[in-house]
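**Q** According to TrEMBL:
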type	residues	note
BINDING	127, 150-153, 217-219, 270-273, 454, 465-466	substrate binding site
BINDING	146, 309, 368-377, 379, 402-405, 429, 456, 462	ATP binding site
BINDING	146, 148, 372	Mg(2+) binding site
DOMAIN	209-306	domain 'Glutathione synthase substrate-binding'
């Protein structure tokens, strides 16, 4: 069995040119679409979402490892979101210096002060991201980069890409490899979680499921696949921005949420994960109103905070996972095996040691602020520059330090609109989607619902597909 696409295929210029044309047409046929940069809020003109010409090899053992641990991470996020003392302790230093995390935490505190949301239904749709760290013996180990607990994207488009790569491999005469491309449908699994929450809320037909969307919507088709799955179940979905909800949203005396006169059963945030999403105080007022409401929030404010980088760093400390899984040593071991080295930058001797370590060997690490959305991490000489500026200040506690993961580069062609067709040295990142629904103390649903492979040129340190750096891919298990 071949482990990867053979060199004679990769270097056949005429074949590559032909395959690239077929691939783009196939992507359009399969609906692997994005709006254009020029018209991000109009579907009059669309293009293919960027993707790799060939699927990228991924060791079967680490792929299955990532899938098998996902339900444990779902449970972990849910337990953290309910642990008031843990969130307070973990984020104490961060909220002193990071205004965005502080604003989110203030909402969390306000909801607790008023009495936890009357809503007993909790919905989590998350994505755990990994890279494969190459060991000295050339084997790969799975290392977690982060867990995205809000607006985890590309569940829709990644449901469409397998057929593209299956077809390309057939056209290239690689039938055996085409049969090893896995079916994948995160859109259906994510929609299943949304639908379950909607049903538990009390699924009268006029109650809506609400997508909170961004101002710029190039990636709308990723959302539309999930919406389509919901409409198949006759669940009415509505798309609104923060300012729409500010104008027409309200709570009734029972804290039911109404927008445009319609009751909202579920709020699904595909916005609100970055400071720039909150363009004015009205946006923050809307977030607070929705958190106060009886509507099911995906995520609620506790789950949003559970996904912060600081919480990730604290979880890597000895004994912390055991706090949440006291009688499940095997689950603890499975999760801990995926952790890279994570280090605090809190004030004091331990944080001072982290600073010294990073300044001495900056290329061994990544400096991570408390931000989502890609393109925020700091590498190499920039780490030295930032840490020298903040080393004696509490500002350093806005960051965490993480071991840099070193995957083995692979060669592929990255297909982007108006970009030259050239072979690139590439790095891949594996995401695994999880969906869970809890009602009171009862976990109604807890599933791994699919995967996402994104690949980028090795010259780019950071950034995802939506940020314009990575492209969509599929794993070819080896």
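Cβ atoms here come from the backbone N, Cα and C positions, even for glycine.
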**Q** Which residues, in sequence order, are found in the same chain with Cβ within 8 Å of the centroid defined by the Cβ atoms of 146, 148, 372 at the Mg(2+) site, excluding those residues themselves?
**A** 127, 129, 147, 149, 150, 152, 273, 307
**Q** Based on DSSP, tally up the residues of the domain 'Glutathione synthase substrate-binding' (209-306) by helix, strand and coil.
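**A** Helix/strand/coil tally for the domain 'Glutathione synthase substrate-binding' (209-306): 41 helix, 25 strand, 32 coil.
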**Q** Between residue 272 (substrate binding site) and residue 404 (ATP binding site), what C-alpha distance do you get in Å?
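**A** Cα to Cα, residue 272 (substrate binding site) and residue 404 (ATP binding site) are separated by 28 Å.
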**Q** Can you tell me how far the Cα of residue 146 (ATP binding site) sits from the Cα of residue 127 (substrate binding site), in Å?
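**A** Rounded to the nearest whole number, the Cα-Cα distance is 8 Å.
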**Q** Which residues of the same chain, at least 6 positions away in sequence, have a Cβ lying under 8 Å from the Cβ of residue 270 (substrate binding site)?
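**A** In sequence order, the residues whose Cβ lies under 8 Å from that of residue 270 (substrate binding site) (at least 6 apart) are 151, 153, 211, 212, 213, 214, 223.
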**Q** For residue 146 (ATP binding site), list the number of other Cβ atoms lying within 10 Å of its Cβ atom.
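**A** By my count, 18.
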**Q** Tell me which of the binding-site residues 127, 148, 218, 454 ends up closest to residue 372 (ATP binding site) in space, Cα to Cα.
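**A** Comparing Cα positions, the closest of these binding-site residues turns out to be 148.
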